[in-house]
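Lifted from Swiss-Prot, the feature list:
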type    : residues                       : note
BINDING : His561, His565, Cys663, His667 : Zn(2+) binding site
Amino acid sequence: MSAKKLTGNEIRKKFLSFYAQREHTILPSASLVPEDPTVLLTIAGMLPFKPIFLGQQPRQYPRATTSQKCIRTNDIENVGRTARHHTFFEMLGNFSFGDYFKPEAIALAWELSTKIFALPPERLVVSVFREDDEAFAIWRDQIGIPAHRIQRMDEADNFWASGPTGPCGPCSEIYYDFHPELGDDHIDLEDDTRFIEFYNLVFMQYNRDANGNLTPLENRNIDTGMGLERMAQILQKVPNNYETDLIFPIIKTASDIADIDYRKSDDKTKVSLKVIGDHVRAVANLIADGVTASNVGRGYILRRLIRRVVRHGRLIGISGEFTSKVAETAITLAEDIYPNLRERETVIKAELQREESRFLETLERGEKLLAEIMAKPETKKTQHISGEDAFKLYDTYGFPLELTQEIAEENGLTVDVSMFDQEMKLAQIRSQSAHETIDLTAQDGVKLDIDKTQFLGYTDLSSPAQVMALVGDGEQLETVQAGAQVQIVLDKTPFYAESGGQIADRGYLSGDSLVVRIEDVQKQNNIFVHFGRIERGRLQLGMTVNAQIDGTCRRRAQANHTATHLLQAALRSLVDSSISQAGSLVSFDRLRFDFNCPRGLKPEEVEQVEAQVNSWIAEAHSATVAEMPLEVAKAKGAVAMFGEKYADVVRVVDYPGVSMELCGGTHVNNTAEIGVFKIISEAGISSGVRRIEAVAGLAVLDYLKVRDAVVKELSDRFKAKPEELSERVSNLQQELKDSQKQLEALKGELAVAKSDQLLGNAETVGEFQILVAEMPGVDAEALKTAAERLQQKLDESAVVLGSAAEGKVSLVAAFSKSVNGKGLQAGKFIGGIAKICGGGGGGRPNLAQAGGRDPSKLKEALESAKEQLVDGLK
């Protein structure tokens with residue numbers, strides 16, 4: 001019997017169907033961004049079920065089966081170098097929650113492997129935990145595997161635990177033997193050239209206490225995992241996971257862009273292609289699941305993966321941007337099982353292009369400096385890059401330590417990581433010492449043992465309240481006199497504490513001859529701390545005061561907060577349904593809304609969004625506010641802030657048919673109370689994050705007053721009526737544009753004149769004319785015009801021109817088709833030459849442009865170009 005050759009999609013489908021037919025509920029893959037706060041990413045198929053295994057959540061079904069997307073980066077350096085290491089992989093799994101156990105799990109796994117996937121039994125070897133006699137007996141007596149093909153393994157290999165204490169149990173693994181001809185005399189499962197582990201069965205049957213004692217669990221569970229990529233390698237009979245149909249099409253796209261043949265490539269090139277194939281799957285799925293590149297957490301993992309893709313692309317000769325092209329292949333391969341890939345295609349490609357463009361600039365600077373560091377005599381002597389140099393690359397140029405280590409390793413060098421860490425700590429200390437910090441919390445040197453504050457502000461603007469604590473200068477106080485600043489805790493309060501982007505209420509505390517102005521309110525552990533100044537009288541611990549918020553400020557904040565909700569709803573409706581909030585500020589005079597979006601909004605889109613918000617305001621939608629379980633709120637479609645952790649019971653602010661969000665802020669009862677809404681600006685603030693600033697309600701009048709003053713000043717300056725200003729500015733812009741065109745035309749004519757003088761410098765090489773020359777002070781566009789003209793005049797020829805101006809280098813190559821026929825492509829040729837000047841570029845086979853950052857290297861670059869042309873055209 002021989003194994004059936006199946007596609008990756010067929011393997012996944014057969015696995016899930018097999019278990020579905022055996023009463024398992026098929027569940028969709030969970031997001032790569034887990035709900036478990038202890039891990040950054042979903043690293044295993046069982047992670048979504050961890051709360052059930054740990055007894056923290058009740059089971060909803062006795063059996064389940066999934067194809068779970070996972071990411072692990074702990075051994076990223078092995079990706080592409082071994083046959084089966086990956087960052088992104090799919091784990092096929094079947095799970096039992098207190099239902100079937102060891103005998104059934106083993107029998108099902110064997111039936112699936114030998115009947116459905118038709119793996120020859122004589123090619124399978126299994127492992128068990130050394131003390132698991134029960135599993136050994138099941139494999140031998142019930143399944144019929146010879147005892148010598150059942151390997152007993154140590155705890156490190158075949159015993160699973162969720163931590164030092166808690167549920168745990170032995171494992172059993174199934175291995176495929178690629179070389180049965182070697183016989184069974186010496187079976188070494190660590191020989192990964194012969195054996196591949198493709199199915200792991202975890203039998204959770206014990207609870208481990210703090211003393212290490214094991215006691216049987218009342219409800220025993222099964223957790224299994226089959227690597228989809230590994231099973232594909234086995235069934236498709238390819239030498240490694242990368243050459244399966246799950247990954248190889250991505251590799252093929254990358255190799256086509258690089259114009260190389262994977263099959264004929266050397267090992268180093270194949271490693272780079274495999275890294276690209278693996279990492280592109282990872283980054284596409286991460287972005288699809290809402291991760292954006294950053295310098296912290298999972299955002300840093302994404303950024304690191306993208307940068308590795310870019311760098312390995314350069315290693316195989318790709319000089320321009322390419323990541324979005326290979327991502328398209330990754331999306332096409334997996335969109336049927338993970339539809340959010342196609343839904344978020346625009347976001348994925350935009351994020352890749354943005355990160356790639358930025359990193360290419362970083363690479364150009366960093367690689368040049370790193371090359372200089374590696375060329376230093378002391379580096380060559382010690383075969384070691386100092387921590388100081390590595391940190392300078394990181395701190396000054398944004399060059400990642402991991403990348404420095406990779407390049408160093410490729411050149412036979414090491415990096416002093418411990419010294420790098422010391423430099424990092426020193427930098428942090430320097431940064432901290434450059435700032436003074438003031439702790440404004442009531443717990444500054446004071447431990448307050450009091451009950452949480454009762455918040456009344458959703459319904460009441462004033463309320464009597466008892467003073468529970470007074471804090472000043474780091475001490476608890478009993479009495480505070482007029483003129484003093486103090487932090488006050490009340491038993492209940494109508495004051496909204498700053499949270500969720502909304503600033504705190506302002507107002508007063510009052511009593512007999514007492515007035516306390518409240519300037520801020522902060523909240524810690526549900527204790528509201530009022531920051532106030534005693535304007536008159538004396539405030540005492542335990543006294544009763546009247547807490548009164550400023551109604552005008554509250555109404556302004558409410559209008560701006562509700563307008564923020566309407567703004568998000570309009571953006572999701574009119575621009576992109578995947579838009580999510582990245583931050584906000586709701587104050588009395590304005591609002592600011594930050595949101596994840598891969599592109600800037602068009603002017604007409606801004607107008608449409610503003611019009612939609614004003615339309616909803618005019619329609620007078622009433623608010624419905626309710627508390628409900630989080631899952632119920634999500635099921636109703638309530639919008640939550642991505643990455644935010646919510647309590648089991650949440651507050652939902654709903655303007656039916658318009659906006660429904662999880663929110664603890666204060667809002668208008670009816671949208672008509674807002675009055676009017678005006679967008680002031682829309683701009684990018686960081687990679688993939690946009691910001692809209694706007695005003696609502698009475699704040700719009702303040703904004704219009706300022707704008708009218710500006711218009712009046714411009715009218716006076718241009719001596720024009722306000723309605724004539726646009727035409728007057730347009731005329732000035734057109735005059736400037738015409739002048740610039742005339743200047744460019746003159747530059748072009750000058751370049752042509754100069755180029756005609758160079759014709760006599762052309763040299764004959766075989767049947768071709770070659771001309772390599774510098775044209776000082778000529779810009780890139782004029783240089784291109786000159787190169788094309790010279791190539792046409794010289795006919796069968798190769799022309800390379802260079803120019804240095806304003807600290808930059810411009811290079812152009814123009815080749816005739818006959819030169820292309822000799823294997824010389826202008827795009828690749830000029831890209832290689834530009835590297836000498838610390839730059840890069842590319843283009844078509846017959847015409848290409850490049851740039852560089854080091855004018856001092858231009859002469860060397862042109863000399864190299866001439867030598868290469870002579871050698872290539874002989």
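Quick reminder: no glycine exception, Cβ is built from N, Cα and C everywhere.
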Count the other Cβ atoms sitting within 10 Å of the Cβ of Cys663 (Zn(2+) binding site), across every protein chain shown.
25
Taking the centroid of the Cβ atoms of His561, His565, Cys663, His667 as the Zn(2+) site, which other residues of that chain lie with their Cβ within 8 Å of it, listed in sequence order?
Gln558, Thr562, Thr564, Val586, Val653, Glu661, Gly665, Thr666
According to DSSP, Cys663 (Zn(2+) binding site) sits in coil
Starting from the Cβ of His667 (Zn(2+) binding site), draw a 10 Å sphere and report how many other Cβ atoms land inside it.
25
So, three-state DSSP: helix, strand or coil for His565 (Zn(2+) binding site)?
helix
